[in-house]
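What Swiss-Prot says about this one:
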ACT_SITE  Lys23  active site, charge relay system
ACT_SITE  Thr68  active site, charge relay system
ACT_SITE  His263  active site, charge relay system
BINDING   Thr68, Asp69, Phe170, Arg187, Val234, Gln235, Asn261  urate binding site
MOD_RES   Lys10  N6-succinyllysine
MOD_RES   Lys10  N6-acetyllysine
MOD_RES   Lys27  N6-acetyllysine
MOD_RES   Lys36  N6-acetyllysine
MOD_RES   Ser39  phosphoserine
MOD_RES   Lys118  N6-acetyllysine
MOD_RES   Lys164  N6-acetyllysine
MOD_RES   Lys175  N6-acetyllysine
MOD_RES   Lys185  N6-acetyllysine
MOD_RES   Ser231  phosphoserine
MOD_RES   Lys277  N6-acetyllysine
MOD_RES   Tyr288  phosphotyrosine
Amino acid sequence: MAHYHDDYGKNDEVEFVRTGYGKDMVKVLHIQRDGKYHSIKEVATSVQLTLRSKKDYLHGDNSDIIPTDTIKNTVHVLAKFKGIKSIETFAMNICEHFLSSFSHVTRAHVYVEEVPWKRFEKNGVKHVHAFIHTPTGTHFCDVEQVRNGPPIIHSGIKDLKVLKTTQSGFEGFIKDQFTTLPEVKDRCFATQVYCKWRYQNRDVDFEATWGAVRDIVLKKFAGPYDRGEYSPSVQKTLYDIQVLTLSQLPEIEDMEISLPNIHYFNIDMSKMGLINKEEVLLPLDNPYGKITGTVRRKLPSRL
């Protein structure tokens, strides 16, 4: 028969590993008006705080709790007074506020996603106040800071869906009694990029670096516009993106990438007396292959 403790505060058999509380998905649209020229940042922000005391968990004592509604209001007010130059800077502002304003907060963790609005543009002329939603990659960041420590800053790209109709293959893999997959020299390659990297310090043009990483991802996936670039595996493309990124962007310390292999299969039309030469394909959402990898700069040799 199971035995239960009535006094959880005196339970010596468990210990806290990590605690936190906060507010998720606090949405803000910030408008910067410079005369008739307007700029916008729409974000969704999630904040988690860790407190020095655990008395709220142990005894139901809420005297140290900053209400999550207050956290939401703080995000709104910081957007007003600090603006949102970049989502990374905004996340650091939020961390700094809670750590400097409340001595019993020991850790602040802030995640921000930016809605992908792009200014209307035609023939090189930019509209002064109109924007279009362009879901060609979501900019996100993750900033964590402990008391008396520097902010640990990650940025990333997600929901960047790309496809090429050739210059991809998959050959030379292990074949056993359960293998039915044929080798292919030419196939469609489609994926939805998730990419996350860590900065070495905070003195970075975050917007420019994010754009540079996105350009590298597209460059290594697609190759030259007139002929493309062959990919022998998703793994090779993933690694090539990482190596080029770290070689060109010294402010980045490490990079994680996840590339699902989204399948498009040739539809068999032989029963209808037709030959389908990879012209009509069937998209399959799942199951799908998933390839991941993280690289970092090597530490200098001590020899």
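Yeah, the Cβs are placed from backbone N, Cα and C, and that goes for glycine too.
Features recorded in Swiss-Prot, as mapped to the structure shown.
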residue : record                           : DSSP class
Lys23   : active site, charge relay system : strand
Ser39   : phosphoserine                    : strand
Thr68   : active site, charge relay system : helix
Phe170  : urate binding site               : strand
Lys185  : N6-acetyllysine                  : coil
Val234  : urate binding site               : helix
Lys277  : N6-acetyllysine                  : coil
Tyr288  : phosphotyrosine                  : strand
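Comparing C-alpha positions, the residue listed as 'phosphotyrosine' sits nearest to Val234 among the recorded positions Arg187, Val234, Lys277.
Residues within less than 8 Å, Cβ to Cβ, of His263 (active site, charge relay system) and separated from it by at least 6 positions along the same chain comprise Ala190, Pro283, Leu284, Tyr288, Gly289. Secondary structure at Lys164 (N6-acetyllysine), as computed by DSSP, is strand. Between the CA atoms of Lys27 (N6-acetyllysine) and Gln235 (urate binding site) there is a gap of 36 Å.
Of all the modified residues listed here (Ser39, Lys118, Lys175, Lys277), Lys175 has the Cα closest to the Cα of Gln235 (urate binding site). Nearest in space to Lys175 (N6-acetyllysine), taking C-alpha to C-alpha distance over the recorded positions Lys36, Lys118, Lys185, Arg187, Lys277, is Lys185.
A count of other CB atoms within 10 A of each Cβ picks out Ser231 as the most crowded of the recorded positions Ser39, Ser231, Gln235, Asn261. Among the residues the record lists as binding urate, namely Thr68, Asp69, Phe170, Arg187, Val234, Gln235, Asn261, the two farthest apart have Cα atoms separated by 52 Å. Cα proximity to Arg187 (urate binding site) (within 10 Å) is found for the following recorded positions from Lys23, Lys36, Ser39, Lys118, Lys164, Lys277: Lys164. Only Thr68, Asp69, of the recorded positions Ser39, Thr68, Asp69, Lys164, Phe170, Ser231, have a C-alpha within 10 angstroms of the C-alpha of Lys23 (active site, charge relay system). Note on the recorded positions Lys164, Arg187: the fewest other CB atoms within 10 A surround the CB of Lys164.
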